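Enquirer: Let me give you the structure first, and then I'll get to my questions.
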Amino acid sequence: MISVVSTVESAPRGMGSPPPSLLQRLRRLFTRDLLVTLALGQVLSLLICAISLTSKYLADDFHANTPVFQSFLNYILLFLVYTTTLAVRQGEGNLLAILRERWWKYMILGLIDIEANYLVLKAYQYTTLSSVQLLDCFVIPVVLLLSWFFLLVRYKSVHFVGAGLCLLGVGCMVGADILLGRQQGLGEQKLFGDLLVLGGATLYGISNVCEEYIVKNLSRVEFLGMMGLFGSFFSGIQLAIMEHKELLKVPWDWQIGLFYVGFSAFMFCLYSFMPVVMKRTSAASVNLSLLTADLYSLFCGLFLFHYKFSGLYLLSFFIIILGLLLYSSSSTYVAQDPRVYKQFRNTSSQLAADQPPLSPGAPEPSVTYTSLGPDPGDELPVRVA
């Protein structure tokens, strides 16, 4: 009997393809998806910049300190657009069906979202702008931890390096503010104001992780509709209790009305567009992208409010963008089953038969592997002996 044995040998070194050039490596890194993800995050940052500018004009030029009322207008718009959309739906996505099944969850989430906005805006009355900018970054570790434990997201070392670079860029921006003397804020009860910022950042993190879960597993319209329903209800109560006197002091005219309309429009766009970006990326990626919002506000302030310029602002911007590129250059993965973690940690010598059998009726874990070998269609040199 003649047996035929096929052996695979490595191709000669001289016959291989030349190493990729620098331009080819950059093209592999800066893919279309990466650039689109980066651009979408910066659109959110520009919306927050517009919100900050309109708030500053209302507070400084017209002495209208009404953060609850401003949030109330946004929730009313969400109610009119998305809650009414849920109300006219048929089937399981109907407003009544959603309320019967999980009304209390959205009620708690609505309260968290309202108080997160209120605590951060209130902190400006007690601490400095630099402290708010620095401590507000506490939302990043909160989102990472909550995503790890509750969404089962697993990160790589490049994600932590990218997040660290983003935080370093924020520190550079705050350092520039201190050097230029931009210590806006009273700072008389600084510790209390710092605690307000930390509390607001924690609530923001909880809200964003819940939002990511809802938009990826349920519906964007459902999330926004429930936020409009419970947000308008509870913010209306808070407005009547805490801010009705401030609202009566506002010197109403067409200019103030225009700024309120602009603020509400920017907030509505932010709330409507953020779930779209979050469904494509993640809560952590979105919050890292939003770190550039303060820099956009500073750049606008150079022309509108005659802020002093520092080269550290540009350095800070490029450090944050570099961190975003690093974070987005590699994808995270979600482990569906605890046994999947063990399979990732096991060595390649361990056979699949050694794994514990699945219990009857248990869902089989699904793992997507990325092959580092040759692409389909690539032929290896084969010699038949």
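Here, residue 1 is simply the first one shown, and the rest follow in order.
Yeah, the Cβs are placed from backbone N, Cα and C, and that goes for glycine too.
Curation plays no part in TrEMBL annotations; they are all automatic predictions.
Among the features that TrEMBL reports, region 'Disordered' is placed at 351-385. Taken from TrEMBL, the feature transmembrane segment applies to 34-53, 73-91, 103-121, 133-153, 160-179, 191-209, 221-242, 254-274, 286-307, 313-335.
Could you give the neighbours, burial and distances for every feature on this list?
Expert: Residues 55, 67-68, 71, 132, 136, 196-197, 199-201, 203-204, 206-207, 210, 226-227, 229-231, 233-235, 238 of the same chain lie 6 or more positions beyond the ends of the transmembrane segment (103-121) yet place their CB under 8 Å from a CB of it.
Within the chain carrying the transmembrane segment (160-179), a Cβ under 8 angstroms from the stretch's Cβ atoms is held by residues 129-130, 133-134, 137, 140, 144, 284, 288, 291, 294-295, 298, 310, 312-313, 315-320, 322-329, all 6 or more beyond its ends.
Same-chain residues lying 6 or more positions outside the transmembrane segment (221-242) and placing a CB less than 8 Å from one of its CB atoms are 68-69, 71-72, 74-83, 85-86, 93, 95, 98, 106-107, 109-111, 113-114, 118, 211, 214-215, 271-272, 275.
Residues 43-44, 47-48, 50-51, 54-55, 57-58, 62, 64, 70-71, 73-74, 77-78, 81, 211, 224, 227, 286 of the same chain lie 6+ residues outside the transmembrane segment (254-274) yet bring a C-beta within less than 8 angstroms of a C-beta in it.
Remote same-chain partners of the transmembrane segment (286-307), defined as residues 6 or more beyond its termini with a Cβ less than 8 Å from a stretch Cβ, comprise 38, 40-42, 44-46, 48-49, 52-53, 56, 133, 137, 139-140, 143, 162-163, 166-167, 169-170, 173, 180, 182, 204-205, 208, 274, 277-278, 313, 316-317, 320-321, 323-324, 327.
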Enquirer: When you look at the transmembrane segment (34-53) alongside the transmembrane segment (133-153), do they share 3+ Cβ pairs under 8 Å, ignoring any pair fewer than 6 residues apart in sequence?
Expert: no
Enquirer: Are the transmembrane segment (313-335) and the transmembrane segment (34-53) close, by which I mean at least 3 Cβ pairs under 8 Å that are 6+ residues apart in sequence?
Expert: yes
Enquirer: Report, as numbers and ranges, every residue of the chain located at least six residues beyond the transmembrane segment (34-53) whose Cβ falls under 8 Å of a Cβ in that stretch; write 'none' if there are none.
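Expert: 262-263, 266-267, 269-270, 273-274, 276-277, 280-281, 285-286, 288-294, 296-297, 300, 304, 321, 324-325, 328-329.
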